[in-house]
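> From TrEMBL, here are the annotated features:
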type     : residues : note
TRANSMEM : 23-47    : transmembrane segment
DOMAIN   : 41-287   : domain 'G-protein coupled receptors family 1 profile'
TRANSMEM : 59-78    : transmembrane segment
TRANSMEM : 98-120   : transmembrane segment
TRANSMEM : 140-158  : transmembrane segment
TRANSMEM : 194-225  : transmembrane segment
TRANSMEM : 237-259  : transmembrane segment
TRANSMEM : 271-289  : transmembrane segment
Amino acid sequence: ISMENASSVKEFILLGLSENQGVQKICFVMFLLFYMTIVAGNLLIVITVISSQRLNTPMYFFLGYLSFVDICYSSVTAPKMIADFLVECKTISFMGCMVQLFGVHFFGCTEIFILTVMAYDRYLAICRPLHYSTHMTRRVCGQLVMASWAGGFVHSIVQTLLITHLPFCGPNKIDHYFCDVHPLLQLACTNTHLVGIIVVANSGVITLICFLILVTSYVVILVSLRSQTSEGRRKALSICGSHIMVVVLFFGPCTFTYIRPSSDLSEDKSVAVFYTVITPLLNPLIYTLRNAEVKSAMKKLWRRKVGRE
């Protein structure tokens with residue numbers, strides 16, 4: 001079934017975060033600054049990891065990809081949201097809505113898998129140090145990243161195909177600031193109970209299983225640290241602490257949104273701000289402020305840049 005045959009709706013109207021004009025102007029300035037910081041901060045990490053020889057390890061290899069995914073992930077929703085703060089009628093075409101839906105789930109799920117891979121990397125480095133160099137080769141790291149991208153694509157294409165094959169005949173107002181599965185299911189002109197179950201099984205279960213894997217891996221890491229030296233424990237806890245903060249900030253809101261059936265909770269769009277804007281914003285700060293090696297590499301990069309000028 002083509003998109004045109006499946007739906008008589010040609011465009012959707014996004015209600016956004018707020019209908020108050022004053023609040024929208026404040027949000028425009030605030031989220032514009034947030035988005036500029038997201039792009040600049042994560043791009044700086046990507047450039048630093050690529051240019052620094054000291055950061056040529058699997059942990060920073062994955063961190064560079066995480067920052068790249070954060071830029072892409074926030075770029076799917078933030079520019080449209082920021083532009084909509086300045087217009088009265090926030091419309092998006094049917095095709096544009098489906099593309100945004102695909103992008104949100106593609107980059108979001110890829111980030112989930114990369115965070116899980118990063119936890120596996122830390123588990124091997126701390127709990128199996130003698131086997132680390134043989135298990136986490138450059139080739140294996142590349143394969144794990146490719147698997148994360150592939151997993152994100154498969155997940156996203158399933159979600160998008162489920163929605164594009166639903167009939168939409170009106171109304172066309174989405175109580176959100178971007179196109180997502182649950183708000184769109186409420187607008188479909190058919191019974192979406194089965195599709196809703198599949199969505200929860202797809203999005204919710206992936207999020208929950210990865211979260212449980214992450215929690216389990218860090219419990220094992222913390223237990224194994226008892227046999228480490230005090231200096232080793234301090235360094236390991238510093239690195240793992242940064243990752244745990246990112247995991248909680250990202251997985252908490254995602255689990256709340258996707259582990260339950262479709263509903264009309266108005267809190268959904270407020271919660272979505274955390275995993276589409278706040279987490280990508282905080283990632284560079286968390287990983288640089290708590291990591292001396294990254295800060296040192298950034299200072300050297302800055303000195304080289306200033307020295308050339």
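Cβ atoms are placed via backbone N, Cα and C, with glycine included.
Are these features on the surface or tucked inside, and what touches them?
Under 8 Å from some Cβ of the transmembrane segment (23-47) lie the Cβ atoms of residues 16-17, 63-64, 67-68, 70-71, 74-75, 78-79, 81-82, 85-86, 277, 280-281, 283-285, 287-288, 294, 298, 301, all in the same chain and six or more residues away from its ends.
Looking just at the domain 'G-protein coupled receptors family 1 profile' (41-287), the mean pLDDT is 86.
Sequence-distant neighbours of the transmembrane segment (59-78) (same chain, 6+ residues past either end, Cβ-Cβ under 8 Å): 31, 34-35, 38-39, 41-43, 45-46, 49-50, 52, 100, 103-104, 107-108, 110-111, 114-115, 117-118, 121-122, 125, 138, 141, 144-145, 148, 177-178, 239, 276-277, 279-281, 283-284, 287, 293-294.
Sequence-distant contacts of the transmembrane segment (98-120) (same chain, six or more residues past either end, CB-CB distance under 8 Å): 3, 59, 62-63, 65-66, 69-70, 72-73, 76-77, 80, 92, 144-145, 147-149, 151-153, 155-157, 159-160, 163-164, 178-181, 184, 203, 206-207, 210, 213-214, 217-218, 243, 246-247, 250-251, 254, 275-276.
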> In the same chain, which residue numbers or ranges, 6 or more beyond the ends of the transmembrane segment (237-259), come under 8 angstroms Cβ to Cβ?
59, 108, 111-112, 115, 118-119, 122, 126, 181-182, 199-200, 203-204, 207-208, 210-211, 214, 218, 221-222, 225, 268, 271-272, 274-275, 278-279, 282-283, 286-287, 290-291
